[in-house]
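Annotated in TrEMBL:
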type: TRANSMEM; residues: B:15-42; note: transmembrane segment
type: TRANSMEM; residues: B:89-111; note: transmembrane segment
type: TRANSMEM; residues: B:123-144; note: transmembrane segment
type: TRANSMEM; residues: B:165-187; note: transmembrane segment
type: TRANSMEM; residues: B:193-216; note: transmembrane segment
type: TRANSMEM; residues: B:250-272; note: transmembrane segment
type: TRANSMEM; residues: B:284-306; note: transmembrane segment
type: TRANSMEM; residues: B:326-344; note: transmembrane segment
Amino acid sequence: MIQTIAFYLFATLVIASGALTILARNPVHSVLWLILAFFNAAGLMVLVGAEFIAMLLVIVYVGAVAVLFLFVVMMLDIDFSEMRAGFGRYLPFGVLLVVVLAAEIIFAVGAWSAGGIGLGAATSPTPEGMSNIQALGTLLYTRYLYIFEAAGLVLLVAMIGAIVLTHRTRGGVRAQNIRRQNQRRPQDAVRNVVDQPSGEGVTL
Amino acid sequence: MTGFFADTLGMGYNAGWFTATIVGILLIALPLMLSVAMIIYADRKIWAAMALRRGPNVVGPFGLLQSFADGLKVFLKETIIPSSANRGLFLIAPILTFTVALVAWAVIPFGPNMVLADINVGLLYILAASSLGVYGIIMAGWASNSKYPFYSALRAAAQMVSYEVSIGFILISVVLWAGTFNMGGIIDAQRGNIFGVVSAFGLNPLLFPMAVMFLISSMAETARAPFDLTEAESELVAGYQTEYSSMSFALFWLGEYGNVLLMCALNAVLFWGGWLPPVDWAPLYMVPGIIWLFAKILVFFFIFSWVKATVPRYRYDQLMRLGWKIFLPISLFWVFLVSGYLMLTRYS
């Protein structure tokens with residue numbers, strides 16, 4: 001009973017906030033609606049018993065990715081009139097995308113109701129006496145070990161690539177040398193100027 | 001508790017579960033708000049003592065009722081919403097901050113089997129809840145439509161995301177040692193873990209550096225001094241709270257101290273044995289576990305106040321350097337070290 005109510009609550013909220021993501025006029029509101037959609041999707045994951053995926057969805061997407069996304073969108077200077085002017089130009093492409101997506105959904109539903117694809121046989125329930133996380137970890141670190149490590153390497157390459165592309169050393173910057181700064185002692189930096197004659201300034 | 005409501009009072013399972021959950025939530029949230037009020041008083045007293053002042057001493061005996069007087073004062077003030085603010089977000093932001101500070105308490109164990117939600121992803125739940133904390137601040141800063149709150153929101157976003165990374169690695173090394181994400185399981189794994197006598201991960205030589213780093217990171221995560229750059233009063237007026245008044249300001253205040261208490265509780269639970277007595281010796285178990293937990297929380301809160309009273313504020317680049325160039329590599333290396341050690345000893 002409570003599960004059914006929770007499912008419909010989360011599902012409605014996901015769809016509603018998804019719709020509001022694209023309908024909202026203000027881009028910051030759009031991102032916030034998107035975050036709400038992520039959050040409710042995590043709720044749906046909990047309902048099907050995938051609590052590990054649900055928590056990861058919140059930690060990774062809501063906690064890190066969406067924060068950076070919001071960060072960037074907040075600082076953008078978006079001209080709304082310019083965006084609306086392009087509406088007619090992008091309309092055919094948008095309609096094409098809608099047709100493709102709708103066809104895919106109809107096709108998928110048809111295939112699913114025809115049955116017998118064998119997907120149900122491939123997914124096995126969590127083994128007895130194992131929590132969700134243990135089952136996932138066992139599978140990832142035994143059967144899918146190489147694929148898992150390869151995924152990690154791909155991410156590492158992406159990260160290093162991003163750093164290489166954006167990092168450049170600029171000359172003439174008065175950057176601080178942390179080591180030198182930490183070695184500074186009061187006697188190097190402070191000088192007694194009590195006997196300094198007034199009006200002559202201090203030599204540094 | 002579900003059993004009590006469902007069977008003893010004859011309410012049926014669904015209604016019994018519902019009532020038990022609501023009662024559990026109230027049993028945590030109401031004392032928490034009371035303790036936030038008292039901990040603000042304690043913070044001010046400790047701070048005053050270190051500055052050789054008296055601190056609040058007028059309202060009630062020893063000034064004990066000062067926080068309630070302050071609460072009444074802000075409650076009676078007018079809520080001012082700046083005319084160019086984004087009204088909806090401006091009002092949601094403090095509510096969100098306050099709510100997020102409360103939800104993480106659901107998985108903190110207060111004693112054996114005294115936990116609202118005994119879920120097997122407890123620690124991940126805490127990480128998820130604490131990563132939501134930044135939204136209240138970002139929304140407040142952006143919705144205020146004012147430059148200082150906005151600067152503060154940007155600082156908060158960068159700061160919290162940076163320190164969450166190393167906190168994640170620190171927690172992974174604790175989880176590796178405990179072998180579970182469940183908070184109760186983590187506490188059980190600490191029972192007599194040092195020579196069968198002392199119950200604390202923090203005194204394990206391999207985890208001690210992690211305990212220290214977690215304490216520092218938790219100060220950065222809650223934006224407490226010396227990392228309180230989000231509300232650095234000498235640069236940003238009051239940071240993201242600048243445009244807030246009356247209850248909306250008070251909610252930020254309560255949320256902030258709620259988060260500080262949560263981080264103290266996390267330090268106690270993850271590294272210093274939670275509700276377990278510090279030494280695994282039978283007579284010490286006569287004292288209820290909740291007393292041990294509260295004592296540990298108070299010790300950590302004292303450390304937080306002590307640091308706030310004595311350490312000057314970091315510069316922003318120093319903060320980022322500490323997070324990314326020192327804590328991140330060390331914690332990453334430590335995950336490697338801990339897992340290697342466990343691989344050789346426990347799992348070989």
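Note that Cβ sites are derived from N, Cα and C of the backbone, with glycine treated the same way.
Bear in mind that TrEMBL entries carry predicted annotations, made automatically and left uncurated.
The highest tally of CB pairs under 8 A with the transmembrane segment (B:89-111), across B:123-144, B:165-187, B:193-216, is held by B:123-144.
Simply put, out of B:123-144, B:250-272, B:326-344, B:326-344 has the most Cβ pairs sitting under 8 Å from the transmembrane segment (B:165-187). Beyond the ends of the transmembrane segment (B:250-272), by six or more residues, the same chain brings 32-33, 35-36, 39-40, 43, 71, 74-75, 94-95, 97-98, 100-102, 104-105, 108-109, 123, 126, 130, 133, 136, 140, 171, 174, 183, 186-187, 200-202, 207, 210-211, 214-215, 218-219, 221-224, 240-241, 244, 278, 293, 296-301, 304 to within a C-beta distance below 8 angstroms of the stretch.
Remote same-chain residues near the transmembrane segment (B:326-344) are listed as 163, 165-166, 169-170, 172-173, 176-177, 206-207, 209-210, 213, 216-217 (criterion: CB distance under 8 Å, separation of at least six residues from the stretch ends).
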